[in-house]
C-alpha cells in the first residue's frame, strides 16, 4: 500500500528529496580524502576489515564460548529446533529463575548450523563466519554513512545517490578498523552483536528505501516501512540492542526526511504556537510512519516479555557493583563514570580487557575522587555537542550532530543501567553499534578541521596514521583472542585488581597441569575478592589433589557458607571429608549438593564411592545407577558397578551391566577391559580375548590390559601368548602388581614342560 501526501501547506516531500543536495552544503567539499568509485570504496573497506581480523580465523574457543557453544545443548541435533525459542542464549529455559534472560534464538541457530556443517566443535568455521559478517557490515557502512553524512537523494531512475563519497569512505574505514570491535569478531560469542548489527543496518537501509520515488510519484511506501520493522525484530532476536533501530529510524525520519528543527519545535510546543501543524511533526505521513514504528516496537517488546516468562535476571554484586550501591548518588556517579570509560574506549582503544568486573573499576564513593574529572569532561563534551545540535543556525550541522549523537547514545541505552540492571560494568561488545555515532562525529570533526587547516595533506596523513595504528592494534588484539592463555594474561596489565582475571589465568594453568602456578593466581583472586566462591572451590580442589586436605576443607567450608546453594563446592567438600575418613559428614555434604542440584551425576558417583568404602554395596550400586541414568555416558560409574559386582562374585549381573554399558558407550576401552575380566572369570575365553585385544588396540600402552590378557591366556593354556603379553606388560610397567609373580610362575611351568619334552 502506498500513501499520498495531501497537505497543501507543507512542501511536497518527494520534491524535497531531489533538491536535498542543492539545499545543503556538501560535507565532502572540505574533506581532504581519497575519492573512489562506490564499488572500489567497498572493496577497500572489505579488504582492510578482513586484514584486521584475519589472524583470528584459527583461534580456539575462549572465555564465554565454552558456555555458549561447547556446553550449550541447543547446538546438538538431538535438541528439537523448537526449543531454541524457549531457551536463553546459554541453553537454559527462559522460565527458569536462574536464566540469564538473554533471548537470542537466531544467533544460537547460526551456531547450530556451524556445528552441523563442521561435524563437531571445530572453531575455524565459527571464526570464519564472524570475520565474514564484520566485513559485510563494514561494506554496508559505506552506504549507511553516505546517507547519514550526505543526506538521502535519489536519481530520476530511483537510484540512491552518494552525496558524500569521501566522508562515507573515511567513516566506514574508521568503523572497520576500530580495535574495540575485536571482542565481537575474534570472540565467537560476539556473533550476537554482529548479526544484530547486520539486521540493524538492513532495517535502516530498508527504511530509507521507503522514500524512493516510484512510478506513481507517491511519497513513501508502507511496504518498506513494515520491512524495516520486521528487520528490526530480527535484529532483536539476534541481540536485544536491535530494537533501538526503530527509534533511530524515527529520528532519521524527523531530521532528514521532514527537516524538523528540534529547538524550534520545542519552542512551539511550549508556547502552543498555532503554526505547529506547519512544523512538520503533524504531517500525516510522518505521524503515520512513527505510529507504525511505535506499534511494531511495542508489539515486539510485548512478545519478548511474554516469552521471557519471569522477571529480569538476578545478577550478583560482583557483576555490577554500582547497581547494588544503597546510595542513589553513588549509583549515579558510577554509572556516569562507566559511560565516560566507554567513551574513552572509543576515543583511545588501547587498554582492552575481556572482563571489567570484580574490582577492575573501584567504586567512586566521594566527590573528592579525582576520577570525577572524567565525568565532567564527558558531560562538558556532550552538552557542547547537544547545544550545537539544537541551536546551530546551520541545518546541515544540526542534522549531522543530532544523527551522530543519536547513533552514539540510543543503541547504548539497553546497556546503560537506566531501565534495568545489566550483568557487567563495561563490555566492549556493546559498543559495536554506538561506534557508528562515534565515526560520524569523528568524520564531521575532521571535515571542520580540514576547512580551517591550511595544510590539509598533513591532517589527512594524521588520520591515515590513526587508521594504521588501529589496524595494527586490531591485529595484535586478534592474536590475543586466539587462545585463553594469551587473552587472560593480556588482561593482567589492564585490570590487575580484577579477581576474575586472576581466576581465569589460574584455571587455564590448572587445565594445563601447572598446579603450583595456578595456586598462586587462585590465592590472589581470593585475596582481591574474599567472597569469590568459584576461586575457593577450584583452589580447594587443587589442594585436595595435593593432599593438603585441611586447608582444602577450610576453603570449601567457607565457600558453602558464603553461598549455601553452591552444589559443586558441597560435593568437593564431601570428597575432602571422605578422604579425612569423616564419612557421616561426607554423606551429608553429598546429599546437600544433590538437594541444590537434583540432576548431579558426578555427585551420585562420588556418593557411590563413599558407600563402597563403607561396604554398603547395595547403596553404592544404587548411587552409581542414578549417575548413569542422569548421564548414560558416565564411564566411571559403569566401570565401578562392573568391578563391584565382579569383586562380590555376581558375575552374571556384572556381565549384564557391562554389556549394557558397552551398548551406550561402544568405544570405551576401560569398559571393554572390565567386561573382558568378567568374561574371563566366566570361562568365556574367546569373547574375553576379543574384548581384551580391542581394548589394547584403543590403548596399547596400558600395562594392566596386557597383564590381564596374559592371565587369560595363562588360564586358557595359550602359554606362549601369555608369555608375550606378560613381557609387554612388564616392559610398560616393571612394577605392575602381581604381573612379575605370574610371569615367574609361567616361566617355571614352561621350563618344566621343556624338561619333560627333553
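Each Cβ is built from the backbone N, Cα and C atoms, and glycine gets one as well.
TrEMBL annotations: computationally assigned, not manually curated.
Per TrEMBL, the features are:
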TRANSMEM  33-54  transmembrane segment
TRANSMEM  131-151  transmembrane segment
TRANSMEM  188-208  transmembrane segment
TRANSMEM  220-237  transmembrane segment
TRANSMEM  243-266  transmembrane segment
TRANSMEM  286-305  transmembrane segment
DOMAIN    311-383  domain 'DUF1736'
TRANSMEM  372-391  transmembrane segment
TRANSMEM  403-424  transmembrane segment
TRANSMEM  430-449  transmembrane segment
TRANSMEM  458-476  transmembrane segment
REPEAT    499-532  repeat 'TPR'
REPEAT    533-566  repeat 'TPR'
REPEAT    601-634  repeat 'TPR'
REPEAT    703-736  repeat 'TPR'
Contact set, same chain, for the transmembrane segment (372-391): CB under 8 Å, 6 or more residues outside the stretch: 262-263, 333, 336-337, 339-341, 343-344, 364, 397-398, 401-402, 404-405, 441
Segment confidence, the domain 'DUF1736' (311-383), expressed as mean pLDDT: 89
Cβ-based contact of the transmembrane segment (131-151) with the transmembrane segment (220-237), 3 or more pairs under 8 Å: no
Contacting positions for the transmembrane segment (243-266) when only residues 6+ beyond its ends and CB under 8 Å are counted: 13, 16-17, 147, 151-152, 200, 203-204, 207-208, 211, 228-229, 231-233, 235-236, 279-281, 283, 286, 289-290, 293-294, 296-297, 300-301, 389-391, 395, 398-399, 402-403, 406-407, 410-411, 413-414, 433
CB contact flag for the transmembrane segment (458-476) and the transmembrane segment (33-54), at least three pairs under 8 A: yes
Residues of the parent chain within Cβ reach of the transmembrane segment (33-54), under 8 Å, 6 or more residues beyond its termini: 130-131, 134-135, 138-139, 141-142, 162, 165-170, 172-173, 176-177, 182, 185-186, 460, 463, 470-471, 474-475, 478
For the repeat 'TPR' (499-532), the number of residues DSSP places in helix, strand and coil: 27 helix, 0 strand, 7 coil
Helix-strand-coil residue split for the domain 'DUF1736' (311-383), DSSP-based: 36 helix, 0 strand, 37 coil
